[in-house]
Each structure stands twice: as structure tokens, then as C-alpha cells.
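For reference, TrEMBL has these:
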type: DOMAIN; residues: B:250-279; note: domain '4Fe-4S ferredoxin-type'
type: TRANSMEM; residues: B:28-48; note: transmembrane segment
type: TRANSMEM; residues: B:78-97; note: transmembrane segment
type: TRANSMEM; residues: B:137-158; note: transmembrane segment
type: TRANSMEM; residues: B:164-185; note: transmembrane segment
Amino acid sequence: MATDSDPKTPTRRRFVQGTLRTAVGAGACGLGLGLFAAQSRSLPADALRPPGALPEDRFLSACVRCGLCVRACPYDTLKLADLGAGPAAGTPYYKARNIPCEMCEDIPCAKACPTGALDKHIGDIATARMGVAVIVSRDTCLNLQGLRCDVCYRVCPVIDKAITLEQTHNRRTGKHAVFEPVVRPDACTGCGKCEKSCVLAEAAIKVLPIKIAVGHQDAHYRRGWEEKTKAGHELVPGIIDLPDRLPEMKP
Amino acid sequence: MTARIPGRDAWAQHGFFRAHKYLIVRRLTQLGVLALFLTGPLAGIWIAKGTLSASLTFDLLPLTDPFVLLQSLAARHWPETTALTGVAIVIGFYLVFGGRTFCSWACPVNPVTDLAAWLRRRLGVEKGFSMRREARWLVALAVLAASAATGTIAWELINPVTLIYRVALFGTLAGLAVVVAVFVFDLVVARGGWCGHVCPVGTAYALIGKATLLRVSARGRVRCDDCLDCFAVCPENHVIAPALRGRDGAGPVIASADCTVCGRCVDVCPERVFSLTHRFDTRVDAAVPPPPSAAGRPAPAALEKV
């Protein structure tokens with residue numbers, strides 16, 4: 001017979017079931033949210049973060065999605081991500097091909113951030129690293145066909161540092177030059193003006209997240225020629241330096 | 001027999017305004033808070049910038065949502081001073097003004113779930129899926145765990161509180177889907193389910209509410225004639241009984257942090273039992289002879305002794 005002291009009373013069973021259901025329900029909520037959050041961590045390659053943004057994995061722990069940076073942007077560059085738009089919902093981003101970053105000297109967006117997701121102490125906008133421009137389409141870039149487009153080079157706010165024109169031989173005509181735009185990742189801010197102004201229907205130069213665009217050499221790699229200069233002498237004594245035989249050095 | 005419509009007696013006896021005073025003031029406050037943010041994008045007059053997760057008013061006053069900051073800490077980010085100052089101001093404010101008053105006076109989800117509750121009463125929807133009171137604490141812990149595990153402020157992905165503001169201020173319309181889901185959840189699945197059992201933003205304010213000053217008191221509880229209107233309209237109606245019945249020498253102040261101090265009970269009570277006061281106010285009205293309006297209902301003598 002079921003009484004109140006009987007451990008198998010319906011009351012007690014209901015309590016245990018209710019507690020279990022609540023715990024499982026809350027756990028499922030947390031798990032679902034966690035999986036969704038984990039998925040939201042991947043930023044689309046064409047979405048760029050504002051200047052001074054922490055690296056993407058730390059950015060999402062700091063950005064409260066208040067939109068104060070978006071409000072501070074005078075050029076309507078920054079947008080807040082809609083649910084399902086790609087970047088984590090509510091986080092600020094911009095697409096270079098739509099409206100690139102104008103690289104304001106006072107960096108109002110970073111100054112507006114209340115949490116430090118954007119570093120307000122970034123100082124010089126030229127040190128911002130929002131991404132890196134990459135010539136993604138050598139087959140369609142007009143300059144690489146031997147034409148003089150030069151638009152990406154001309155609009156670059158860090159002209160001759162972030163993008164340089166390297167003169168090479170035009171192998172198609174045999175007698176002209178190719179002025180190849182070359183991006184220097186150590187000077188490129190990723191503002192996206194080059195991508196925005198590329199005259200092609202689909203830009204031949206695109207700004208990509210640094211993580212995708214820039215490789216990294218392991219710390220144990222040493223460049224012999226640099227180590228030699230640092231040491232001031234041969235690192236391995238006794239190696240015979242044979243003469244370099246170049247065409248113009250005909251005996 | 002038609003079902004009793006809560007608040008109709010108070011309306012008949014005290015007039016429309018006194019029977020809807022807090023409801024009207026609350027709706028105006030909710031709209032007013034949104035208006036402070038909307039004048040900027042709509043008219044170029046910038047009063048408050050940001051959303052309810054973090055904002056800056058008059059380029060001077062920073063405010064930060066406590067649960068957002070908690071998640072950021074769980075995700076191992078130590079925020080800048082501005083956000084910390086903002087959260088200190090918010091906690092200080094709600095330590096005086098009622099904790100979950102955020103939920104009933106500022107939060108834009110409140111009109112949505114209030115509408116669902118109102119429809120439920122009118123359509124006579126069954127109570128539905130019953131959830132534990134403790135569910136909200138477990139949900140908040142689970143969300144913090146998700147934030148810690150993924151290193152992100154996870155709740156802000158789907159938080160309807162800030163989503164509504166982003167929809168209104170930044171035009172991110174897809175966020176409305178979550179708001180519709182919350183409405184349907186409250187209408188069909190669980191009565192008062194979202195605000196009362198799930199929303200971890202409210203849970204953080206409930207934590208502040210455990211020590212807050214502003215409270216509702218059932219000071220006139222001797223006049224209660226058991227019409228149950230207050231229970232019908234209260235979104236957290238388990239908070240009423242201890243103060244109203246005064247069993248085991250319980251004081252007249254509604255002590256539970258679940259109480260959102262929405263003031264709806266004050267409005268709808270024909271006997272004017274409830275009033276807003278501070279948590280240390282132990283005054284209780286003396287018993288009075290029954291007013292003529294109470295004729296036909298159980299006489300006060302039938303009440304439990306205080």
C-alpha cells in the first residue's frame with residue numbers, strides 16, 4: 001500500500017521525475033545553445049571585423065553585441081549581423097566589396113567599444129589588421145595581363161607599403177612589362193579599398209581574414225643567412241664557399 | 001456561466017484608470033525606454049545608443065546587462081572599465097528599484113509574453129506544460145556553461161530581449177523569429193513559461209531582487225475576499241500567497257525575488273489590498289467592516305486569521 005513514508009509513492013515519483021525532467025531540459029538547452037554557439041564561431045571569409053578587434057576566438061567572448069561601434073562609424077561601413085547572416089548574430093562586421101573601412105585617424109568605432117572587444121588603445125590606424133588583401137585571381141587581374149589598371153595600387157591608403165607594383169617581363173608579348181600588384185601583409189590593414197575599387201565584375205583582389213590569408217613559419221625554422229649576420233661569422237666553419245657561376249661571369 | 005474577467009470588479013468600483021494605473025505607466029515606460037534609443041536612428045537625436053545589452057546615454061552614462069557580463073566572464077574575458085562601470089550602475093539601480101522590475105518595466109519581451117498570457121486567459125488555454133521554479137536557475141547555469149565551453153557570449157545569439165532592440169534599431173529582421181517562438185511557447189506550451197522559467201536575463205535580475213528595496217506589500221490583506229483576481233493576472237502567482245495569507249506569521253511584503261513588481265495585483269484588486277513599498281515595511285491595515293461593494297461575496301470573516 002502506498003503511504004507518504006513509502007519510497008514508492010506517486011508523490012515521490014513525480015518529484016523525482018520532475019527534477020529529472022527539469023535537469024534534462026536545462027541540460028538540453030545548454031547543449032543546444034553550446035552547439036549553436038560553436039557553429040557561430042566560424043566567420044565567413046568575406047566578413048571583416050572592425051579595427052582593433054581581438055582575434056576571432058577571443059572576440060566572441062568580449063563582444064556584447066550592443067552596436068555602439070556601428071553607431072560610431074561615420075561611413076556606415078559597419079553592420080550588425082542578423083540571425084543566420086553568417087557572422088555570430090549581433091556582432092559587427094563589414095564587407096569590403098560593399099563599403100570598405102575608411103581608416104578614420106581617431107578610430108571612433110574602437111573608442112566606442114565598452115568591453116574591449118575592440119582595443120581602444122590601438123593608436124595608429126595603420127597598425128590595424130582587419131584582414132589581408134590577396135590577389136585571388138591572377139588570370140583576370142588586368143595588370144597581370146600586361147595592362148595598366150593600377151586601381152588597387154592607387155586607392156591603397158598605405159600606398160607603396162601595403163601594395164607595390166613589381167615590374168616583370170611580359171612573356172606574352174616578349175617586349176613589354178607587367179606591373180604586378182604585390183601585397184605586403186606586414187603593412188596591409190585590410191581596409192578593403194582595393195577590393196571595393198577593383199574594376200572587374202568579380203574582384204581579382206580580395207581581403208581575407210589573416211588566419212586564412214597569411215601563413216606562419218614554425219619557431220624552430222632558422223634562416224642561415226640571417227643567423228650568419230646575427231653571429232657575425234660563419235656558423236659552420238670550414239665550409240668552402242664555391243664561386244657562383246652566373247651567365248655574365250663568363251671567364 | 002461566463003468566466004470571471006480579472007480586473008473587471010476593480011474597474012467597476014474604482015474607475016478605469018485606477019484599475020489599470022500600473023499597467024498604463026508600465027507600457028509607457030517600456031515604450032519610453034525604446035523611444036530613448038529610437039530617436040537617434042529615426043530623427044537623428046541621439047539620447048541612448050546601443051541596445052539593452054550595453055548602452056551609452058547622452059555620451060555619458062554607460063549601462064551593461066549583468067547576465068551579458070557574467071557570460072563574458074564565464075568565457076574568460078575581463079571587460080574594460082566602461083562595461084564594469086555600466087554593470088555596477090545597473091546593479092545599484094535595481095538593488096533599490098526592485099530587481100526583476102527590469103522584466104516588467106523595461107524588457108521589450110514583457111508585452112509579448114503579457115499578450116500571450118492575456119490571450120491564454122481569454123481563450124481559456126489549459127495551464128499546459130508545468131515547469132519547476134528551479135528551472136530558470138538551471139537554464140542560467142547551463143547557458144553559463146555553454147558560454148564557458150565555447151568561449152562566447154552564447155545567450156546573445158538568441159536572446160529575445162536584445163534581439164527585439166536590434167530589430168527595431170538596426171533592422172536585423174530575422175531576430176523576430178525568436179520573438180514569435182517565445183510568444184508561441186508562452187501561448188501554447190507553458191503559462192508564463194518564458195519569463196518565469198527560462199529567460200536567464202531575468203534570473204540575473206532575480207538574483208539582485210533577493211536584496212532589493214522596492215517591493216509589493218499585501219498590507220490590506222484583512223480585506224481580501226478571495227476573488228483570486230491577483231492570482232489570475234500575476235505572471236509569478238506563487239509569490240502572492242505567503243504575503244497575502246500570512247501563514248506562520250509571514251509579513252505582508254512579497255519577499256520572493258520572482259516578483260517583478262509589475263503592480264498588476266495593485267491594479268486589479270477590488271479591495272485595494274496591495275501597494276508598493278519598501279521591503280522593511282511591516283505595516284498591516286487593521287480589520288474594517290466590510291464595504292457595501294463586497295456584498296454577495298464571502299464575508300471577510302471567512303478569511304484565514306492573520
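Glycine is treated like the rest: Cβ placed from N, Cα and C.
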For the transmembrane segment (B:28-48), distant same-chain residues with Cβ under 8 A (at least six beyond the ends): 55-59, 105-108, 110-111, 165, 168-169
Remote residues contacting the transmembrane segment (B:137-158) - C-beta distance under 8 A, at least 6 residues beyond either end: 53, 67-68, 70-72, 74-76, 178, 197-201, 203-204
The domain '4Fe-4S ferredoxin-type' (B:250-279): DSSP-derived helix, strand, coil residue counts: 5 helix, 5 strand, 20 coil
